Amino acid sequence: MQITFLGTSSGVPTRSRNVSSVALRLPQRAEIWLFDCGEGTQHQLLRSELKSSQLRRIFITHMHGDHIFGLMGLLASCGLAGNTERIDIYGPAGLEEYLQACRRYSQTHFSYPIQVHTVQPGEVFSDQDYSVVCAPLKHRVPAFGYRIQECDRPGRFDTDKAISMGIPAGPLYGRLKRGERITLPDGRTFFGQDFCGPKEIGRKIAYCTDTIYCPEAVELSRDADVVIHESTFSHQEAELAYQRLHSTSTMAAQVAQAAGAKKLFLTHFSPRYAPNSATGLQELLTEASAIFPHTELAYDFLNYQVPRRTLTTA
């Protein structure tokens, strides 16, 4: 699981930061999932090492332009590039109507299937490898945060040990990998736990934007390996944050701390914190780190490989 930040500015792009978008790369299944798609996201994809041909799912938090204005252009370009794979899009009410209007007035026709899912609190996607749940956040328009949960996996299977015990290869290996008990024709019994390394605990990622501090963000971030949380304002601008229902750096840190998360990335920075401004982003990092030390500032094209868990590190 690799996270790539494609846009880390709020409201409008700056010279060094595009508006909101985060990509999650799942190399074991050759897929990319996108979270928000602000204007210019397809340009950011082209500048990154990611392949838009692997795009399979897009999760939209809310209907503000800095989170959706790049969506139609990206989908149209995928079609022009010859994409044939279905893309599933998840988001709040109004998203499907927005895309339908864009298609109708621009006379855009897709050569591949698109499925739009209007989300409700709870699970929005699951398969044998991952699940995604959403919860309402506290913003000026309906907004949802997302939690990506990787399913637990058995530890590495010791094939050499199984061979040395005279266990024939085939379906019995699969049963042992799943932790089951098997009995051979000669009466010997073996337990899967004796042939597998430490269990790999599924990794968790929380994506919370746009929102002020709220209990739902804490629950989405509970025990997360990575929390990606908006930090539009510094603590000095807390009154403005309450007025506009955005988070300060300290609010984001309080979410991560209350949730028992392992790492926090701040993103969605107001352009007022541009280089050479009176208050810089380093100040936001200092504020957050005083509460939650494992905090980093996200920047465009930052890649982060989410480390695997085992029973000893969970």
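Heads up, residue numbers simply count up from 1 along the chain you see.
A Cβ is built for glycine as well, from the same backbone N, Cα and C atoms used for every other residue.
Summarising the annotation, Swiss-Prot assigns Zn(2+) 1 binding site to His62, His64, His139, Asp210. Listed in sequence order, Ser10, Thr61, His62, His64, His67, Leu137, His139, Ala143, Glu230, Thr232, Leu245, His246, His268 are the same-chain residues six or more apart from Asp210 (Zn(2+) 1 binding site) with CB atoms under 8 A from its CB.
The annotation Zn(2+) 2 binding site is assigned in Swiss-Prot to Asp66, His67, Asp210, His268. If you draw a 10 Å sphere around the CB of Asp66 (Zn(2+) 2 binding site), it holds 22 other CB atoms from the protein chains shown.
Residues annotated as active site, proton acceptor in Swiss-Prot, with sequence analysis given as evidence: Asp66.
When secondary structure is read from DSSP and collapsed to three states, His62 (Zn(2+) 1 binding site) falls in the coil class. Apart from Asp66, His67, Asp210, His268, the Zn(2+) 2 site neighbourhood in this chain, defined by C-beta within 8 angstroms of the site C-beta centre, holds Ser10, Gly11, Val19, Ser20, Asp36, Gly38, Thr61, His62, His64, Thr209, Glu230. The binding-site residues listed here are His67, His139; among them, His67 has the most other Cβ atoms within 10 Å of its own Cβ. The Cβ centroid of His62, His64, His139, Asp210 marks the Zn(2+) 1 site; residues of that chain outside this set whose Cβ lies within 8 Å of it are Thr61, Met63, His67, Leu137, Arg140, Val141, Ala143, Thr209, Thr211, given in sequence order.
Taken residue by residue with DSSP, His67 (Zn(2+) 2 binding site) is part of a helix. Here the binding-site residues are His62, His64, His268, and the one whose Cβ sees the fewest other Cβ atoms within 10 Å is His64.
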